[in-house]
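Peer 1: Below are the features listed in TrEMBL for this protein:
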DOMAIN    154-364  domain 'Cation efflux protein transmembrane'
TRANSMEM  12-30  transmembrane segment
TRANSMEM  153-174  transmembrane segment
TRANSMEM  221-244  transmembrane segment
TRANSMEM  256-278  transmembrane segment
TRANSMEM  307-332  transmembrane segment
TRANSMEM  338-357  transmembrane segment
């Protein structure tokens, strides 16, 4: 027959009855607590805030009570905090009155304002401060940035397009061809835009700072967007203008032999740059596990995309210009040459429109692919401490960097068990047996309740760390507790 738990475990039954009686008494005696200023004075405050908000020196904090708290960061040990009430009392002791403290705060705010106005004079001091505390990661030098990857592609394109512009300009001066003028403008626009891309690449490798906590990666997209606008205004606009003027006021052209030679050289050089860009995109697409077309359409590497599209347009433009100049040579009709200029302008306009669209989409903060979002969500949902996931947002920060945000409903039972596994159960039972009054019960529950909240923070840190380790492209994780 079944055994009654009351007979087999009398101590456990008595312990449960004691706790239930204490809870009933606690509810009956205690009134609703008012959390006013006196209660919040027991909040914790860090040493930096104590010195900044109460105008204290490090020596003023030496004699105050110190409490060690868990750090919210994975790579940082526990840190020391102080009771706000102790800090306020010390501030009154140092400054004598609230009025004197307020005057000191106003004086320091004025000094801070003056410092901000003269920030350029203090740049060297700020640099020494950063060198003293160290940076998050070593900054790669400009030389290393432009010796591999997109930087190398852009530098090769600048050199080749610069030479092409020089020789095409000489051919236009010699022949007066509208198509050759369009090609010279095309090469000049490519050279200027790629110089702008080089500037964007050099700025994008800067380390994050207080004003830009997510870094400067988007500088590549900004430079590519400006490059697209520049192609449209400078390249397409001038080509259309010169082509229309050629149709309205046609002029006979000189010998086109030199123009053909220069166009042939441009075709070879532009083709070589195009090949370098294609190889770089193929390598990067394979590294990220996507196709060549997806890599270009998603604008994962805006700098290489610009070089690819500009050189593809350049190769097609050279073929188009040579064809129209050939028709002009055969027929003696200069209208074909002007039509070639209009064709080159239209080609540049199409390229610039694509660049403006893709880079604008990237700067707006588009979401990553649904499959990748599902993968990140499933990882969190499969964790025992997680009950449900809500409001998931995964944003592409550019250059294969992702920011992940989600609201997480944690299972309180699992978190509590995780806390109890690290405690001495017998000691907790002894503490429960010693509870006799509502005040003692409150003290017991507050102590362990605060420790359970710390355990919840540890669980959040663990999930964020594991999510980054399993998905290296995720650089920033924000998990909000429901």
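Using the three backbone atoms N, Cα and C, a Cβ is placed for every residue, glycine included.
I'd like these features described in context: how deep, what's nearby, how far apart.
Peer 2: Remote same-chain residues near the transmembrane segment (221-244) are listed as 178, 181-182, 185-186, 188-190, 192-194, 196-197, 199-201, 203, 299, 302-303, 305-306, 310, 338-342, 344-346, 348-349, 351-356, 359-360, 362-363, 398 (criterion: CB distance under 8 Å, separation of at least six residues from the stretch ends).
Long-range Cβ contacts of the transmembrane segment (307-332) within its own chain (Cβ-Cβ under 8 Å, at least 6 residues beyond either end) map to 153-154, 157, 161, 164, 177, 179-180, 182-183, 186-187, 190, 193-194, 197, 231, 253, 256, 259-260, 263, 266-267, 270-271, 273-274, 276-278, 281, 296, 339-341, 343-344, 347-348, 350-351, 354-355.
Long-range neighbours of the transmembrane segment (338-357) within the same chain, counting only residues 6 or more positions beyond its ends whose Cβ lies under 8 Å from a Cβ of the stretch, are 178-179, 181-183, 186, 189, 224-225, 227-232, 235-240, 242-247, 250, 305-306, 309-310, 312-313, 316-317, 320-321, 323-325.
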